[in-house]
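> Please see the structure below; I have some questions.
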Amino acid sequence: MVCFQLAASQGAGRAGLPPSQPVCVLGPRCSEWLRCCGGGEPRPRTVWLGHPEKRDQRYPRNVINNQKYNFFTFLPGVLFNQFKYFFNLYFLLLACSQFVPEMRLGALYTYWVPLGFVLAVTIIREAVEEIRCYTRDKEVNAQVYSRLTARGTVKVKSSSIQVGDLIIVEKRAPPLLSTGSCFLRTDQLDGETDWKLRLPVACTQRLPTAADLLQIRSYVYAEEPNIDIHNFVGTFTREDSDPPISESLSIENALWAGTVTASGTCPRRGIELRSVMNTSNPRSKIGLFDLEVNCLTKILFGALVVVSLVMVALQHFAGRWYLQILRFLLLFSNIIPISLRVNLDMGKIVYSWVIRRDSKIPGTVVRSSTIPEQLGRISYLLTDKTGTLTQNEMVFKRLHLGTVAYGLDSMDEVQSHIFSIYTQQPQDPPAQKGSAPTTKVRRTMSSRVHEAVKAIALCHNVTPVYESNGVTDQAEAEKHSLGSAHPLPPLLCPQVALVQWTESVGLTLVGRDQSSVQLRTPGDQILNFTILQLFPFTYESKRMGIIVRDESTGEITFYMKGADVVMAGIVQYNDWLEEECGNMAREGLRVLVVAKKSLAEEQYQDFEARYVQAKLSVHDRSLKVATVIESLEMEMELLCLTGVEDQLQADVRPTLETLRNAGIKVWMLTGDKLETATCTAKNAHLVTRNQDIHIFRLVTNRGEAHLELNAFRRKHDCALVISGDSLEVCLKYYEYEFMELACQCPAVVCCRCVTRCDGGNDVSMIQESDCGVGVEGKEGKQASLAADFSITQFRHLGRLLMVHGRNSYKRSAALSQFVIHRSLCISAMQAVFSSVFYFASVPLYQGFLIIGYSTIYTMFPVFSLVLDKDVKSEVAMLYPELYKDLLKGRPLSYKTFLIWVLISIYQGSTIMYGALLLFESEFVHIVAISFTSLILTELLMVALTIQSWHWLMTVAELLSLACYIASLVFLHEFIDVYFIATLSFLWKVSVITLVSCLPLYVLKYLRRRFSPPSYSKLTS
C-alpha cells in the first residue's frame, strides 16, 4: 500500500491491509496456480488511483487460505498422508487380506476395528485443525474496511479489495502531528516491535479532502512483487497537473499488509503480498525418539518375516507353502503393535498440556506437539544474544571524546559543560589569579562536549509523543519536557537510550516532525533545526545520517553515527578510535561512533540535485542512492564514542550453569565486536572463570585457516571465540575439521555475525534446528512465533529441559517399550501354541478377545505411564547431571529393547506352557487360563514399571481389571463362564501369573540393591 493522505479524523491503525497475518495463501503451489489462471509470472504494474478496472494484468484474489484440504479433498488427502507410510499401508493390506477366504483367520472386525480406531483418531484430529484454520481464515477474509469511492466511503470485505482501491483504516495509532505522516509496526512481518515513520506522497497533501484523490488523474508504478520487505521501488505520477508531477516512492512511502496504515492505494493483494511471499513452509520436524522407534519397528517387521518363514520351514514347505507364509504373517501381525503410534501421539498431547499448565514457567506455548521428547535429548544449544540472553534494554554508560571519557559517576561534569555553554554565568567557581590557561582549557572542553551532545541529540529517528497530558499542538509541545512524553523508538533500541541521556545532561528533545527538530537548552531556550535529509539505518550500511540546518545561524551540518568498522574509513585520521573502541568493547559495551561535517550552501544544493535524481531512478535505485550519499561521507570530523550496555536477563548465569552441568554445550551468536562478545560470555558465565578462551584470529584464505586450525587443535577444554568472517572461511575449506574441533569445545562464541535486533534473524536458525525454542522479547515475537516452543524468559529454559524434556523422553521410552512388550507377549504365546499343535496357522484368540486385549483391558494402565516420573521436579533442577544420562539414549536403546524382547518371550512362553500343562479337558479352558493370566501379567508389569504412583494410575489398574471381570459374562463364546468361577481356575491362574512375574520383581529388587540407577540415590 502506498500512503497518500492521513485525514485528521481518521488516524492510523495496526490492522493493515488484509490479510493481516503473514500466511501462505492457496497452498505451496501458488505460482503454478497463478500461471494456470492466466496470472503468469509476477510483473511490474501500473496502478491507477481509485480505478481498479484499469488494471493491465490479472491479479490473484485478496484472500488467505491456511487449510491443507477442502471439502472434497479432506478424506482422500488424510488417508493418503496416512497410508504413504509403510507400516500404515502394511496394516491396511492385512485388513484387506481378510476378504480373501483362503487367508481369513477370524472375524473381519478383528483387523478392521483397530485400524479404524487409529484412522478415526487421526481424521478427528485433522478435522479439528482444519475447522480451526477455516474459522480463522474466514474471520480474516470477512474483516470490513473502508474503501474510498466516488459515492463516498463504502464498507468492503477484505476478500473484495482489488488492486487500485483506496483503503482507509480507522484504527488508532500514534500520529505525527500535522504532517500527514504516520507510524507503523512490522512485528507481524519481521518481528520488529518498534514504530517506524512512513511518509505520504507530498503532492497529495495539498488536496483539500481525501475524496479529491479520486478526481485527479494519477497512477503508481510499482516494481514486481518480491520478498524484500525492507525496500520498495516505485514512482507516483500525476498527469493532470501542469507540468506533470513525478515523485519517487521508496520504503518510506510503503505500508505492508499487517502494519499500521493510513489512506492509500493497494498495488498488490493476495499471494503477491510480501508477507505471503516471505512465508515458507517450515519443514515437518521428526524427533530423534521417533526415528529410533521407527528403527525398532523395522526390526520387529524383520522378526515377523523370520518367524513366519521358520514356521513354514518346520513344515518342510509342504503343500501351498506360500499361502501358509501369508497366513503366518497375518497370524503374527501383533508383533508390530498398531496402537504404538496412537499411544505415542496421545502421550505427546499430554506432555504439551503439562508444559502449558506449569505455573513455574508461565506463558510457555507449545506450537509443535510432535517433538516434546526432543527436549530431553538436547546436546547443543545455539542462542542469539540480544533479547535472548539480554533484556534488550539499553543503558547509557560511557561518553568518550578521545582525550577524556565520562562514565556514570561523572555525568554531572557533562551537565556542567552544557550548562556553561547556554548560560551567561557558569556554575563553576570564579577562576583564581593565574588560572587563565585552565579556564581556556575548560571552555575548549565545554565546546567539544557540547558538539558531541548536540550531535547525539539530533542524529536519530526518535519522535517524542505527548499522550499522557493530551498535548497535540507542536507549539505547546515545545513547552513540555520529554519527561511528560514517551519516545517512539526507531529501528535500534540504543537510540532511545542516547536521547534520554541527552535529556539528563540538559539538552532535551521536545519536538520532531518530518521536517524539523526542536531541542530545549538548560536555560529553556528552544533550538530549531530544519531536517534537510535523513538517511535511515540499514543492516547493510550499519550507519545512519541526517543533514540539518540551524535556523538561528543558517549553518548546514551533516551528522552521522554508526559502527566503528564502517565509521573508521569515513572519519578523519586519528590515533585513538580503534584502541578506545576495543577498550569499551572489552567492558561489554555497544559502541557507536559519532561524526559531523559542515556543508556550504552550494555543496548541499549540488548534493540534493544528485540525490533527487538518483531517487527517481527505477533501475538500480539503491545502488545509485548509496553512491550519492557516499560522496558526502568523507573526511568527517570525529566527535565522540558512545557506549551503551544491554543488561542480562534475570537468572541467566545460573541457567547457563545448569545447562553446562547437564552436558549441554552452548553456542552464542551475536553481531557484537569480538571484545564485547567475549566480555558478555564471561559475564553470563557461558565461560567459567578457570576456563581458557581461544580467540580464533581473523583468517582470509585457506592457508591462514589451516595454520589457525592446527593451533586450535593443540588446545584442550577451552572455549572458542570466532568472528563470522573467519567462520565463513573455515566452513568453506575445512568444514568437517572445524566442526569436529568446535563440537568438542564446552562453549563457542561467534561474533560479528550478520544479525538483526528484531528477533527475525533467529527464524531460519529455529526452523532448521532439531528443536526450536523462542524467547518473547522486546525485539519482537517473530522468533517465538516460528519456534516449536515459546517461553517468556531465558531462565525458563532450564525447567523446560531438565524437567519437562527429561520426563517426556523417559515416559515415551517406557510407553513405547511397554506397548511393544504387550504385543510381543501375545505373539510369543501364539508361536508356542502353533508349535505345539503341529505348526498350524490357527489363531489362539479370536474376535473380541484380541481387540479387547490391546484396548479396554490394558490400554489405560499402559497409557498411564505418561504420568510416571522417577524424581521430583525440584530434584531434577537441583541435579542437572541427571540429564546427562538421556544424551546417551539409555532409556530407549537396543539393549533395553532386547531386554524387553526377552521378557516378552519368557512371559509369553511361561503363560502358554503353563496353561497347556494345567488345563484338563477342553480347549476353551486353555483360552480362559492363558488369557486371564495374560491380562493379570500386563497389569502387574505396569505396576512393576511405575516408579512414582499417581492416583490416576491406580484408577486405571482397577478400572481395567473391573472391565475384564465384567466382560466375562458376555464372552461365553470364547470362555467357559462356569469354569472361571471354580477354585481350580483361580489357583491355576495365580500360579502361572506368579511364575511369569515374580522373577522379574526379584531381579528388579536385586538391581536396585546392588546396582542402583543414579536417580534412585537421590530419592532414597
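Including glycine, each Cβ sits where the backbone N, Cα and C put it.
Quick paste from TrEMBL:
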type	residues	note
ACT_SITE	Asp384	active site, 4-aspartylphosphate intermediate
BINDING	Asp384, Thr386, Asp758, Asp762	Mg(2+) binding site
BINDING	Asp384, Lys385, Thr386, Phe537, Lys561, Arg590, Thr670, Gly671, Asp672, Arg752, Asn761, Asp762	ATP binding site
DOMAIN	52-112	domain 'P-type ATPase N-terminal'
DOMAIN	785-1012	domain 'P-type ATPase C-terminal'
TRANSMEM	107-128	transmembrane segment
TRANSMEM	295-315	transmembrane segment
TRANSMEM	321-340	transmembrane segment
TRANSMEM	819-839	transmembrane segment
TRANSMEM	845-867	transmembrane segment
TRANSMEM	897-917	transmembrane segment
TRANSMEM	923-944	transmembrane segment
TRANSMEM	951-971	transmembrane segment
TRANSMEM	977-1003	transmembrane segment
> For Asp672 (ATP binding site) and Thr386 (Mg(2+) binding site), determine the Cα separation and express it in whole Å.
10
> With the transmembrane segment (107-128) as the reference, find which of 295-315, 819-839, 845-867, 897-917, 977-1003 contributes the most Cβ pairs under 8 Å.
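Highest pair count goes to 845-867.
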> Among all protein chains shown, how many Cβ atoms are found within 10 Å of the Cβ of the residue listed as 'active site, 4-aspartylphosphate intermediate', not counting that one?
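Its Cβ has 25 other Cβ atoms within 10 Å.
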> Looking only at residues six or more beyond either end of the transmembrane segment (897-917), which have a C-beta under 8 A from one in the stretch?
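Same-chain residues near the transmembrane segment (897-917) but 6 or more away: 296, 299, 817-818, 820-821, 824-829, 831-833, 836, 926, 929-930, 933-934, 937, 941, 988, 991-992, 995-997, 999-1000.
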> With CB pairs under 8 Å as the measure, which of the listed stretches 295-315, 321-340, 819-839, 951-971, 977-1003 comes out on top against the transmembrane segment (845-867)?
951-971
> Among the recorded stretches 295-315, 951-971, 977-1003, which has the greatest number of Cβ pairs closer than 8 Å to the transmembrane segment (819-839)?
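Most Cβ pairs under 8 Å with the transmembrane segment (819-839) come from 295-315.
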> Could you tell me the C-alpha distance between Thr386 (Mg(2+) binding site) and Thr670 (ATP binding site) in angstrom, no decimals?
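That comes out at 7 Å between the alpha carbons.
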> In the domain 'P-type ATPase N-terminal' (52-112), how many residues does DSSP call helix, how many strand, and how many coil?
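Computed counts for the domain 'P-type ATPase N-terminal' (52-112) are 32 helix, 0 strand, 29 coil.
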> Looking only at residues six or more beyond either end of the transmembrane segment (977-1003), which have a C-beta under 8 A from one in the stretch?
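Residues packing against the transmembrane segment (977-1003) from afar: 903, 906-907, 910-911, 914-915, 918, 920, 924-925, 928-930, 932-933, 936-937, 940-941, 944, 968-969, 971.
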> Please work out the number of neighbouring Cβ atoms within 10 Å of the Cβ of Lys561 (ATP binding site), leaving out its own Cβ.
26
> Pop the Cα-Cα gap between Thr670 (ATP binding site) and Asp384 (active site, 4-aspartylphosphate intermediate) into the table, whole Å please.
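Asp384 (active site, 4-aspartylphosphate intermediate) to Thr670 (ATP binding site), Cα-Cα distance: 6 Å.
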> Within 10 Å of the Cβ of Thr670 (ATP binding site), how many other Cβ atoms are there?
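The answer is 24.
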